[in-house]
Amino acid sequence: MMGSPVSHLLAGFCVWVVLGWVGGSVPNLGPAEQEQNHYLAQLFGLYGENGTLTAGGLARLLHSLGLGRVQGLRLGQHGPLTGRAASPAADNSTHRPQNPELSVDVWAGMPLGPSGWGDLEESKAPHLPRGPAPSGLDLLHRLLLLDHSLADHLNEDCLNGSQLLVNFGLSPAAPLTPRQFALLCPALLYQIDSRVCIGAPAPAPPGDLLSALLQSALAVLLLSLPSPLSLLLLRLLGPRLLRPLLGFLGALAVGTLCGDALLHLLPHAQEGRHAGPGGLPEKDLGPGLSVLGGLFLLFVLENMLGLLRHRGLRPRCCRRKRRNLETRNLDPENGSGMALQPLQAAPEPGAQGQREKNSQHPPALAPPGHQGHSHGHQGGTDITWMVLLGDGLHNLTDGLAIGAAFSDGFSSGLSTTLAVFCHELPHELGDFAMLLQSGLSFRRLLLLSLVSGALGLGGAVLGVGLSLGPVPLTPWVFGVTAGVFLYVALVDMLPALLRPPEPLPTPHVLLQGLGLLLGGGLMLAITLLEERLLPVTTEG
């Protein structure tokens, strides 16, 4: 679609010519008249009725051209025009700013004839359409152009100025008179409407199989770092420092998972672009950013309400009602306080010692969201197999997403890898804390992490194969991965952050909010820098 104001004026002039407002009789130019009649027949066949162009047909034609209404385009937004021959530096007249009055001055300096478009008869002496005496080859070429049929225009291309002039039997070296330019207007108008000069965006070339496999393998190796890192943190940090760290990591995982799903995976699954031609994010990133903003806003509001509730900042009527209910339930004459006490069986031998042992060693800390990956309280062997199965399937799906992402590009793989990494660290912390509590050794835990990493590597190879195979399935893999990420973040991890087992102090809540904001901002930065990351990776 031609977007400059000069193009709109040219299209409007073409419509003016087609409607017959130029007036006067057209000189017999041979193939030019025949070419003009062809394009007029095409336009009137599409938008006319019974050989005439009605108001409705004209409205549809203007709508198809992108005319008839203000497009909200400013002159200052136009970049350098492409496809136009470079003018000499000495010719300063071509570098003047586009002024609508310039064309008026040019046409005002021309001698006007009876039709108002200049005297078309004064050019009989120079014979500009014919030029000098045609050679034998030029004459043969013009004779061949006399026979035009509809079949000659079925496979039309985007014609440049020279091709248009040759098709009309005019000399490319001779200047055009206003009448000759009017003859070209139906062809220009038809080409604008048929959009033969608007090329569809070329499909992205398929990624390199070897580089995608190598990058996916390196990413899977990077994702194996949370396992030894979690073991190190469990040994070095105590519960007092581990709890706020787990809250921050859980919020960071929620931000990265939601950010990667909304700002990257879903736009690529819909085969869209992240930003417009000017690199502005409001076109494609607006919905994703609004969802992230709403997520962060509700997170802050719920935590603020929780802090106010636990500090006792409630209306007096509610506190008085609660005090009355508590005194009524604790009344010794009222049996309601005793009715809710559960029955206790007789203590078994050794049960008292077990309770003392449990009171001395509190259960390991579960990270936010780990209840979605809970493995129950079975024996050590059952817990080991549950962890192996759950983590293996989890790493398999993560590897599948990473392989598909690196097949699409380096920035895609980078954002997905960071999202998975931020999620894996608190997940591995919870798993290893539970397994250590069940009595497993560090050596067996490392072996278990190696097995899970091998399954992740297999998933990465499968993701690359599905994306770069004969039938690319990258949009489907991205869509499924986005759904998985949103489910894990919003159903598995976020509820644990909002409903902790005990009230959190204000610094812990602020730390979680910082983690959520940092995760979403990290995904936004990678998305905005995607176009800059692509040339670096291709050159490397």
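Even glycines carry a Cβ here, placed using N, Cα and C.
What Swiss-Prot records for 1-20 is signal peptide, and it gives sequence analysis as the kind of evidence.
The topological domain 'Extracellular' feature in Swiss-Prot is assigned to 21-212 (among others); the stated evidence is similarity to another entry.
Summarising the annotation, Swiss-Prot assigns N-linked glycosylation site to Asn50 (among others) and lists sequence analysis as the type of evidence. For the recorded site, Asn50 (N-linked glycosylation site), the DSSP three-state label reads coil. Residue density at Asn50 (N-linked glycosylation site): 6 other Cβ atoms are found within 10 A of its Cβ, drawing on all protein chains shown.
The region 'Disordered' annotation in Swiss-Prot covers 78-101 (among others).
According to Swiss-Prot, the feature compositional bias 'Polar residues' maps to 90-101.
Per Swiss-Prot, the feature N-linked glycosylation site maps to Asn160 (among others). Asn160 (N-linked glycosylation site): 11 other CB atoms within 10 A of its CB, across all protein chains.
Counting same-chain residues at least six beyond the ends of the transmembrane segment (213-233), those with a Cβ under 8 angstroms from any Cβ of the stretch are 242, 245, 395, 398-399, 402-403, 406, 410, 413, 417, 420-421, 424-425, 427-429, 432, 442, 445-446, 449-450, 452-453, 456-457, 460-461, 463-464. Swiss-Prot lists 213-233 (among others) with the feature transmembrane segment.
Model confidence over the topological domain 'Cytoplasmic' (234-244) stands at 76, taken as the mean pLDDT rounded to a whole number. Annotation source Swiss-Prot lists topological domain 'Cytoplasmic' at 234-244 (among others).
Residues or ranges marked as transmembrane segment by Swiss-Prot: 245-265 (among others).
Among the features that Swiss-Prot reports, topological domain 'Extracellular' is placed at 266-287 (among others), with the record citing sequence analysis.
Under the heading transmembrane segment, Swiss-Prot lists 288-308 (among others), citing sequence analysis as support.
Annotation source Swiss-Prot lists topological domain 'Cytoplasmic' at 309-444 (among others).
Annotated region 'Disordered' per Swiss-Prot: 324-377 (among others), in sequence order.
If you look up Swiss-Prot, you'll see Ser336 marked as phosphoserine.
Look at Swiss-Prot and you will find His375 tagged as pros-methylhistidine, backed by experimental evidence.
Long-range contacts of the transmembrane segment (445-465) within its own chain (CB-CB distance under 8 A, at least 6 residues past either end) are made by residues 209, 212-213, 216-217, 219-221, 223-224, 227-228, 231, 384, 387-388, 391-407, 428, 432, 435-436, 477. Summarising the annotation, Swiss-Prot assigns transmembrane segment to 445-465 (among others).
With a threshold of 8 Å between CB atoms, the same-chain residues lying at least 6 positions outside the topological domain 'Extracellular' (466-470) that come near it are 206-207, 209, 212, 400, 403-404, 407-408, 477. Mapped onto DSSP helix, strand and coil, the topological domain 'Cytoplasmic' (492-508) counts 10 helix, 0 strand, 7 coil.
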